[in-house]
Amino acid sequence: MTVLQAIVLGLVQGVGEFLPISSSAHLILTPWFFRWPDPGLTFDVALHLGTLIAVVAYFWRDIIELVLSGLGQPRSQDGRLFWYLIVASIPGAIFGVLFEKQAETIFRSPLLIALTLTLMGLGLWWADRVGRKRRQLDDVNLFDGIIVGISQALAIIPGVSRSGITMTAGLLTGMERETAARFSFLMSVPIIAGAALLKLKELPLHEVNLAFIAGVLTAAVVGFLAIKFLLQYLRRGSYLLFTGYRILLAALIVAVFWLRR
């Protein structure tokens, strides 16, 4: 993999991780479209380390306050939210361990990705229409953590989108658009950190080259900008834009797949 390819994939990861369009799907589709070698799941996880840096850099004050409150004052508002986020991370971690092999093989099919992009895009649009969109982060409770956490477990399938499925679940529990996005971003910290640590400890040091580092740094910078954009956009916009994009991308996948037969 060249440095340019790594930078492109880092850009794709930075945008796709936080916008509800599925970073894992785009990391599979980009090499497929351009006929590049598949970088594999380990490089995917390394790029997630870049977006972990992005979310920690953006929310570092919130994260410190949540951790201190969770450990020192677990009954406080921030303390409870900290433990809700931990609970929400458990289903995704379990599914990630149980279905790791499938994530590396059958779940990487372009046609399956086209299907999940479409279905979850429609699901996000529906949730945005029917959700009450009244509840803020201070209103989140344990039930919300469980529901959003269970939904996150489905994100192991490329095309579902971790941010997309958790925002969908958040909207269905009555969260405001921006609140659903913030909760999704904060709960990404433990799940991404866990996945990255598990995979990176298996990574041979000789594979950590300039391309590898360039991809991670690009994902971090672009991811930070993507978070800022989405939170500002959702104050006045809806999720319909992302539904339309997902459906158009799914149609493009099917067309390319058919032409290459």
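Glycine is no exception: its Cβ is also placed from the backbone N, Cα and C atoms.
What Swiss-Prot lists as transmembrane segment is 1-21 (among others).
The transmembrane segment annotation in Swiss-Prot covers 40-60 (among others).
What Swiss-Prot records for 79-99 (among others) is transmembrane segment, and it gives sequence analysis as the kind of evidence. Long-range neighbours of the transmembrane segment (79-99) within the same chain, counting only residues 6 or more positions beyond its ends whose Cβ lies under 8 Å from a Cβ of the stretch, are 66-67, 69-73, 107, 137, 140-142, 144-146, 148-150, 152-156, 162, 183, 186-187, 189-191, 194-195.
Feature annotation from Swiss-Prot assigns transmembrane segment to 106-126 (among others).
Among the features that Swiss-Prot reports, transmembrane segment is placed at 140-160 (among others).
According to Swiss-Prot, the feature transmembrane segment maps to 185-205 (among others), an assignment based on sequence analysis.
Per Swiss-Prot, transmembrane segment is recorded for 210-230 (among others). Counting same-chain residues at least six beyond the ends of the transmembrane segment (210-230), those with a Cβ under 8 angstroms from any Cβ of the stretch are 1-3, 5-7, 9-11, 13-15, 17-19, 43, 46-51, 53-55, 57-58, 181, 185.
Per Swiss-Prot, the feature transmembrane segment maps to 239-259 (among others); the stated evidence is sequence analysis.
Comparison of 1-21, 40-60, 140-160, 185-205, 239-259 by number of C-beta pairs under 8 angstroms to the transmembrane segment (106-126) places 239-259 first. Across 1-21, 140-160, 185-205, the stretch most heavily in contact with the transmembrane segment (40-60), judged by Cβ pairs under 8 Å, is 185-205. Outside the transmembrane segment (1-21) by six or more residues, the chain places 27, 30-31, 36-37, 39, 43-44, 47-48, 50-51, 54-55, 117, 124, 161-164, 167-168, 185, 188, 210-212, 214-227, 230, 239, 242, 245-246, 249 with a CB less than 8 A from a CB of the stretch.
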